[in-house]
Amino acid sequence: MIETITELDALRERVRGWKREGLRVGFVPTMGNLHAGHYSLVMLARQYADRVVSSVFVNPTQFGPNEDFTRYPRTPDADTAGLEGAGCDVLWLPTVESMYPFGVELASRVRVPGVSSVLEGECRPGHFDGVCTVVSRLFNQVLPDVAAFGKKDYQQLAVIRQLVADLQFPIGILGGGIVREADGLAMSSRNQYLDADQRPRAATIHRVLRDMRDACLAGAPRTVVEAQAGAQLRDAGFVVDYAALRLPDLAEPVDGMHGPRVALVAARLGTTRLIDNIEF
Ligand code: PAF
């Protein structure tokens, strides 16, 4: 049976007990409204740990003023059942007051420069500061040995790796593969905002990413690949924030080079903003 914990002292006591027994603790932070992508992270953490804690906390500091904080879907009963099915031992449910005891405005912030500033950082100013601020707090609360983050949020994973290296958190970071719907759409809590007309068109993003990969591997220059991808997305009705070819550390690749790269897209259908990527 999964145990739901809402008090920090109780969480610390539970984790201390496990550590006294010599057990390794895995952690999967989430904002709830869980789907198969989240559950795959719980299963991944389980491979590296004896016990798994997952948190559900819709973090106000990572949403911009005009973003979907208030309407972000909250489905606590389904989340609890799903986490139990995935093998999670403890569901950690902090409140805004316990996460930010001095209030959101007076909260100490954690900012990871460099990798936070490009792509998502340009489109969502302050977003990664909010993510790093809450993830640092969650790490200090749970004190896990390993923590799992999804690769759909490719840049978030890169930012978290930098955070952990720079602040020397003794935590191994695991990247979980993207889980997709049958038509290729990456699973996301925000997919449910899509209406019946938008939902099939949303799968265009994955097709465009594959085309970007293929064009890049065929030797097309980066700017051409990016421009073609942007045009394909606009033809399908998207407003495009970026369609970008990058090195794994998100620096711009030089044309003609070989080695690992990643194509990333952020684009909006109506009021729904979707992100996805493909590594190759
Ligand atoms: O990826 C998410 O769901 C969130 O950004 C995270 C890591 C749980 C922090 O609020």
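Positions of Cβ are set from backbone N, Cα and C atoms, glycine also.
Any TrEMBL annotation is an automated prediction that lacks curation.
Here's what TrEMBL has on this protein:
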BINDING   31-38, 150-153, Val179, 187-190  ATP binding site
ACT_SITE  His38  active site, proton donor
BINDING   Gln62, Gln156  (R)-pantoate binding site
BINDING   Gln62  beta-alanine binding site
Candidate binding-site residues Met31, Leu34, Gly37, Val179, Ser189, pick with smallest Cα gap to Gln62 ((R)-pantoate binding site): Met31
Between the residue listed as 'active site, proton donor' and Ser189 (ATP binding site): CA-CA distance (Å): 10
Most Cβ neighbours inside 10 Å, all chains, among the recorded positions His38, Lys151: His38
Residue among binding-site residues Gln62, Gln156, Ser189 with least C-beta crowding, 10 angstrom cut-off: Ser189
Annotated binding-site residues Met31, Leu34, Val179, filtered by Cβ under 6 Å to ligand 1: Met31
His38 (active site, proton donor) and Gln156 ((R)-pantoate binding site), distance between Cα atoms, whole Å: 15
Chain-internal residues, separated by at least six, CB under 8 A from Val179 (ATP binding site): His35, Ala36, Gly37, Ser40, Ala186, Met187
Position of peak Cβ density within 10 Å, selected from the binding-site residues Met31, Leu34: Leu34
